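Record features, source Swiss-Prot:
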type	residues	note
ACT_SITE	TYR74	active site, proton donor
BINDING	ASP69, 178-179, GLN204, 233-243, 300-308	NADP(+) binding site
BINDING	HIS148	substrate binding site
Amino acid sequence: MVLPTAPEPPTLLGYHRILSPSAGVRVSPLCLGTMSFGNGWKGVMGECDQATSFNMLDTFYESGGNFIDVANFYQGGDTERWVGEWMAQRQNRDEIVLSTKYTMGYTMFGPQKIKSNFQGNHAKSLRLSVKASLQKLQTDYIDLLYVHMWDFTTSVEEVMRSLNHLVANGKVLYLGVSDTPAWLVVKCNAFARANGLTPFSVYQGHWSSAFRDFERDILPMCESEGMGLAPWGVLGRGQFRSAEEFSREGRKMGPQDEKHRRLGEKLDQMAQQKNTKATSIAQAYVMHKAPYVFPVIGGRKVEHLKENIEALGLVLSEEEIREIDDAEPFDVGFPMNFLFETPTQSYRTNMTSKDIWQLSCNTRLETVPKQQPIEPLQGAKYFGSASK
């Protein structure tokens with residue numbers, strides 16, 4: 001018997017990838033961020049009603065996307081409720097790889113008089129948050145549960161044992177961590193492995209061409225720990241615009257700082273050469289810098305989502321990556337600058353021990369290169385047309 005070959009996906013979003021070396025679940029190369037879905041924060045973030053949110057979810061899903069990110073406190077709970085209603089109406093829960101988060105005070109606008117234990121990393125906060133998330137999402141399991149941030153009061157032992165209890169009982173499949181120092185993540189994973197518990201498989205945090213702190217410790221930590229990366233803020237949070245564009249539209253997003261202005265000009269220049277958008281270059285940039293990178297892409301407009309999906313086909317050369325790096329100098333800090341940098345050599349994330357200048361005194365060393373990211377597919381479909 002000859003087994004059929006899977007049909008060609010409708011867009012590049014449908015070519016799925018392994019989440020991380022420690023999590024074999026298959027996910028779309030972009031993760032749909034949903035923080036704007038809801039009425040709870042419309043006074044601050046602008047309006048994104050349920051119809052618009054469902055349209056975004058439908059477009060993402062119909063384009064082949066299955067990786068959706070929510071959190072317990074987004075929009076006062078509207079986000080989880082709406083995503084839960086959407087999955088129930090579409091009857092596609094098991095097709096979706098759903099991530100949510102606990103730690104933030106998700107009852108801040110609720111009726112409870114005493115709210116101190118509805119936030120934090122501790123066991124009670126975790127139990128209450130996951131129970132509420134499962135109800136709002138209309139599901140009996142969460143694919144990926146993040147510690148949203150480290151509270152610096154709960155012990156590593158309590159966090160990892162409490163999280164593992166949820167995994168052992170089938171309520172959670174994989175664990176992630178967000179907005180937490182690298183040394184704490186390593187400590188958590190070491191404790192988990194030493195005690196037969198589930199370690200973290202994914203890290204979520206702020207990373208873009210203008211905000212490269214991620215590259216100091218988080219990126220090498222994830223490489224060493226076998227963790228995937230789900231960076232947010234990749235598109236510059238509305239700041240990656242040329243001076244001309246920002247003069248027209250920037251009033252809605254606050255002032256543009258000099259760093260984003262310089263990078264916006266560089267990204268815009270490169271985008272014009274490639275007949276694309278500056279934000280598409282920004283997205284391709286992080287996906288070219290390391291393997292297992294799944295940008296969290298949000299927003300309220302379907303046309304922007306389609307641009308993000310089409311950007312999956314963008315190819316950046318090593319020289320173009322270097323140009324973006326050099327547009328805004330980045331100090332990697334000690335000890336990496338001491339080990340790798342010289343008057344003629346700047347630190348790059350793909351460097352290995354052969355690039356340590358102190359070791360070149362006695363020998364010319366050749367080393368195995370670091371693992372490279374998946375190259376963008378060429379010739380796959382976008383929206384009704386073939387890529388070139």
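Yeah, the Cβs are placed from backbone N, Cα and C, and that goes for glycine too.
Secondary structure at ARG300 (NADP(+) binding site), taken from DSSP and collapsed to helix, strand or coil, is coil. In the three-state DSSP scheme, GLN204 (NADP(+) binding site) falls into the strand class. If you measure from the Cα atom of ARG300 (NADP(+) binding site) to that of the residue listed as 'active site, proton donor', you get 15 Å. Annotation for the binding-site residues ASP69, LYS306: lowest Cβ count within 10 Å of the residue's own Cβ, LYS306. Each residue contributes its Cα atom, and for LEU235 (NADP(+) binding site) and the residue listed as 'substrate binding site' those atoms are 21 Å apart. The highest number of surrounding Cβ atoms within 10 Å, among the binding-site residues HIS148, ARG300, is found at HIS148. LYS306 (NADP(+) binding site) falls within a helix when secondary structure is assigned with DSSP.
Under DSSP, LEU235 (NADP(+) binding site) is assigned to coil, being neither helix nor strand in the three-state scheme. A Cα-Cα distance of 12 Å separates ASP69 (NADP(+) binding site) from the residue listed as 'substrate binding site'.
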